[in-house]
Amino acid sequence: MNHKDPLVSWNVFGLDVVFNLSSIMMLIITAVIVFVIAIICTRNLKKRPTGKQNFIEWVFDFVRGIIESNMAWSKGGQFHFLAVTLIFFIFVSNMLGLPFQLISGHTLWWKSPTADATVTLTLSTLIILLTHFYGVRMKGTKGYFQNYTKPIFLLPINIFEEFTSTLTLGLRLYGNIFAGELLLGLLAGLVTGDSTRAWGWIIGLPGLVVWQGFSIFIGTIQAYIFVMLSMVYMSHKVQDSH
């Protein structure tokens, strides 16, 4: 389990900027998979949907329900495609590391990109920044920042809340996916390790199968939670009351 990430460091204006090549590769693969799913499911659309069109319409309806549970559709409708893209992207990201891990030497190349805290915190930061952008856009600068100063003594708490929202949104996703893959690796080690003792197979193989199924469930739930909380934070910024 002593695997390392393929890191590359570049010096930019005197600062060392580190990139994880594995995470970058997996993010690109995730984006390609989501794009292919979208193309396949939206080709040759019909008035009476069947098969893949039924699936994509169900996803859109499901995500619409998430949005409408947090804000009026007149305001939340513009975030429909954002939320659908998020739920697909995070779900696929969560699933990629479950079937197997690709290791060259001691370098881990294939894993779920959401098992990297940098990736999940970047996603959560982008979501929080988007909530501020749309808050200012829909309320105006003055109306938006009044939410932070009414009453004035809550200003420090409101500012602190922005940081905690970013951290909890990103770290919740990272913690669940990373822990799941870590345990999968341990169970796989019992089955494929150097030891040929029967107990390794007896414990490891059933545990691996059960935990694979549980990890699929957790990955699905985490995609839902991330999108739900994103829309909750968005509604706080664009609704008339904070």
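A Cβ is built for glycine as well, from the same backbone N, Cα and C atoms used for every other residue.
The model shown is predicted, which means the values in this text are computed figures rather than measured ones.
Marked as transmembrane segment by Swiss-Prot on the basis of sequence analysis: 21-41 (among others).
Under the heading transmembrane segment, Swiss-Prot lists 79-99 (among others), citing sequence analysis as support. If you look at the transmembrane segment (79-99), the same-chain residues 6 or more away from its ends with a CB under 8 A from one of its CBs are 26-27, 29-31, 33-34, 37-38, 59-60, 63-64, 66-67, 110-115, 119, 123, 127, 130, 134, 173, 177, 180-181, 184, 212, 215-216, 218-220, 222-224, 226-227, 230-231, 234.
Residues 20, 22-23, 27, 79, 82, 86, 90, 93, 144, 147, 162, 165-167, 169-171, 173-174, 177-178, 226, 230, 233-234, 236-238 of the same chain lie 6+ residues outside the transmembrane segment (116-136) yet bring a C-beta within less than 8 angstroms of a C-beta in it. Per Swiss-Prot, the feature transmembrane segment maps to 116-136 (among others); the stated evidence is sequence analysis.
For 173-193 (among others), the entry in Swiss-Prot reads transmembrane segment.
Here Swiss-Prot flags 198-218 (among others) as transmembrane segment.
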